[in-house]
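Trainee: I have a structure here, written as structure tokens, and I will follow up with some questions on it.
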Amino acid sequence: MTSSKPKKIGVFTATTLVVGSMIGSGIFTIPSSLAPFGGISLFGWLLAAAGALVLANILSKLSKVDPKTGGFYAYTREAFGDLPAFLVGWGYLVSVWCTNAAIALSFTGYLSVFFPSIAENQILITVVGLSAIWLLTIINSQSVSGGGKVQVVTTVLKVAPLVVVALCGLFFFNVDNFKPFNMSQEHTVKAITMSSALCLFAFLGLETATVPAGSIKRPEKTIPKATMLGTVLVIFIYLFSSFSIFGVLSPTEVENSIAPFSDAAAFMWGDAGRYIIAAGACISTFGALNAWILIQGQVPMGMATDGLMPKFFAKKNRFNAPTLGIIFSSVLVTLLFLLNQSKNFNSLYAFLILLSGVTALFSYLASSIAFAYFASKAKKKLKLNTKTIATALVGALFSIWLIIGSGQEAAVWGICGTLAGLPIFLLKKRQNKK
């Protein structure tokens, strides 16, 4: 009996992992959240996109010189030690859990376009959302490359509707929809800051190719290419499609819509268009959920390998997948669903994306500081020069800016969620000394 060596992920699949992680529920739902700000929210997209590019550049350079499974958790550990690394890794896990819960919730919402009874029953919403989570948990528990194959298919299918709506929307464009340009009662700077904080959720995932480095072919070359290429592609799609949506629908229509892309399609093509785009949204969220479930097993595996979490998280099955880590995370995502049954659909989704964004920003901030540290010590082939200093500074300031812009509630919950993992760290360190 012969056994084949587990297949690893290449540039194309890694790029679709980045694109698939970012293009999920965000782009299909965020326009409704941005509508109260009006056309000025497009500057929020631009600034969030610029920050995402800087962070992608930092992460791609770090991965090139230190291609370890675990992403920025691994970079933080080498730069600053175990405790900061654990907090970054645990905080990132909190972000991933919230992201998965939000995406599953969004998938359920889009599916209700075809089955309206789902939206009318909180129990059905929970059952459908959890079913999607556990189906993809099973798939990714079988093989990392198996999850990668799903990612390629879903990424191609979900990008197509966005591009079609963006292109066709230009023929139905109404410039009056951008008047007044700032519809909010906030100062211009605050309106842009708040818009950028909302847009951030749509860019979460730019780091996903750095996390499963141990499962990627030639990670020192593949990860930088996939990270930058995937981020640039997503930025183009976001800006183009959002611009068209705001041009096709009035601000009031966008704000009151739970599915703005479907409503724009209905305006252009009737009910057939609505259902086609809703189907694309279902594929989009399902693909994004697949990508994030793949990630949720890799981070605890890296932390367990380094002795910061229980050893069973580092175990792989015969398919080379960290099954226990994936299942553990899916259990916690399930608890997020079950413990928030009192919240309605929109309030729960808003809470999850804000918390996910803040906890991810802590990790981005740590990576920016680690990048500067390595350069200052002339480590990892990095050199301390004007370009390096500017890149690290912009990445750090961008992270701090959006943490503040996310609001006090999200920041406090993010800090508490990150610190909640400390007992695990202290217990594991105590066991290591015995």
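Backbone N, Cα and C atoms are what each Cβ position is placed from, and that goes for glycine too.
Annotations in TrEMBL come from automatic prediction, not curation.
I grabbed these lines from TrEMBL:
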TRANSMEM  9-30  transmembrane segment
TRANSMEM  42-62  transmembrane segment
TRANSMEM  83-111  transmembrane segment
TRANSMEM  123-140  transmembrane segment
TRANSMEM  152-172  transmembrane segment
TRANSMEM  192-214  transmembrane segment
TRANSMEM  226-249  transmembrane segment
TRANSMEM  275-295  transmembrane segment
TRANSMEM  319-339  transmembrane segment
TRANSMEM  351-374  transmembrane segment
TRANSMEM  386-404  transmembrane segment
TRANSMEM  410-427  transmembrane segment
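Where in this structure would I find these features, and how exposed are they?
Mentor: For the transmembrane segment (83-111), same-chain residues at least 6 beyond its ends with a Cβ under 8 Å from one of its own Cβ atoms are 24-25, 28-29, 70-74, 76-77, 118-119, 125, 128-130, 132-133, 201, 204, 258-259, 262, 278, 281-282, 285-286, 288-289, 292-293, 295-296, 299-300, 302-303, 306, 308, 329-330, 332-333, 336-337, 345, 348-349, 352-353, 355-357, 359-360, 362-363, 366, 414, 417-422, 424-425.
Remote same-chain partners of the transmembrane segment (226-249), defined as residues 6 or more beyond its termini with a Cβ less than 8 Å from a stretch Cβ, comprise 11, 14-19, 22-23, 27, 31, 34-35, 39, 42, 45-46, 49, 52-53, 56-57, 59-60, 63, 159, 162-163, 165-170, 172-175, 177-178, 199, 202-203, 206-207, 209-210, 257, 260-261, 263-264, 267-268.
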Trainee: By Cβ distance under 8 Å, which residues at least 6 away from the ends of the transmembrane segment (319-339) in the same chain are close to it?
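Mentor: Answer is 6, 93, 96-98, 100-101, 104-105, 126, 129-130, 133-134, 137, 140-144, 146, 215, 293, 296-301, 304, 312-313, 352.
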Trainee: Hey, which bits of the same chain come close to the transmembrane segment (152-172), Cβ under 8 Å, at least six residues off its ends?
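Mentor: Distant Cβ neighbours of the transmembrane segment (152-172) are 12-13, 16, 19-20, 23, 27, 237, 240-241, 243-245, 247-248, 261, 264-265, 267-268, 276-277, 279-281, 283-284, 286-287, 290.
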Trainee: Does the transmembrane segment (351-374) make contact with the transmembrane segment (410-427) through 3 or more Cβ pairs under 8 Å, each pair 6 or more apart in sequence?
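Mentor: They do touch: at least three Cβ pairs between the two stretches lie under 8 Å.
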